[in-house]
Amino acid sequence: MEKGPVRAPAEKPRGARCSNGFPERDPPRPGPSRPAEKPPRPEAKSAQPADGWKGERPRSEEDNELNLPNLAAAYSSILSSLGENPQRQGLLKTPWRAASAMQFFTKGYQETISDVLNDAIFDEDHDEMVIVKDIDMFSMCEHHLVPFVGKVHIGYLPNKQVLGLSKLARIVEIYSRRLQVQERLTKQIAVAITEALRPAGVGVVVEATHMCMVMRGVQKMNSKTVTSTMLGVFREDPKTREEFLTLIRS
């Protein structure tokens, strides 16, 4: 039986599509299998130095002068958006006053812990607890830009070095005069003291009233928020922690 001429298979037209609507692809050619490449791991971000006691200064006096007009203009826009007239007599200077006040409320951005502690760490063979309590604290809630106010209690167990007592209050001032949440503020104070002195332990307790709870939202006038950070023996030894908590309540 005679065979007719062998015909090559008809080529599929370009752009031909499968029944699922996607373009057809040629089958993969055989070859050595390769392990699937793993996506590169994202590089770990280095810790920001601004939280440590040697952190950089986020803002300077020159920044204040340069940014004051823009900040005042922003407050003027806020007044207009509230339905007020920034040009009426009682509000003419309000944008500038508010801008200057906000720079003061956040002046902690202009200082670092190393500025404060430079000459105030002393060698001293004292191995009993040091406590400074009832340090007044004023800060700004970063969520609503309204104040929260209260008191800070600090205790540490020295390790051959002590800190000038007023410097503990200065540490509180630097970190509280920023846009904050109370939990972070409490930890920053404790970590700064730990990094500066390397004591056997540090305990910090913050009690505060938040205007965002008093003036808005649930409007609870007498509520207080209490946060604590315990490091070193204050965290590991229940007796040391209890002694600290008892002394700040006395």
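Glycine residues also receive a Cβ, built from the backbone N, Cα and C atoms like all the rest.
From Ser33, Ser81, the position flagged in Swiss-Prot as phosphoserine is Ser81. Considering Ser46, Ser60, the record held by Swiss-Prot lists Ser60, annotated as phosphoserine. Across the structure, Ser81 (phosphoserine) and His144 (Zn(2+) binding site) are spaced 17 Å apart at their Cα atoms. Here the Cβ of Cys212 (Zn(2+) binding site) has 15 other Cβ atoms within 10 Å, regardless of which shown protein chain they belong to. Note: the Zn(2+) site is recorded as Cys141, His144, Cys212; in the same chain, Glu142, His143, Leu145, Val146, Phe148, His210, Met211, Arg216 also have Cβ atoms within 8 Å of that site's Cβ centroid. Close to Cys141 (Zn(2+) binding site) in the fold, though at least 6 residues off in sequence, lie Pro147, Phe148, Leu179, Gln180, Val181, His210, Met211, Cys212, each with a CB less than 8 Å from its CB.
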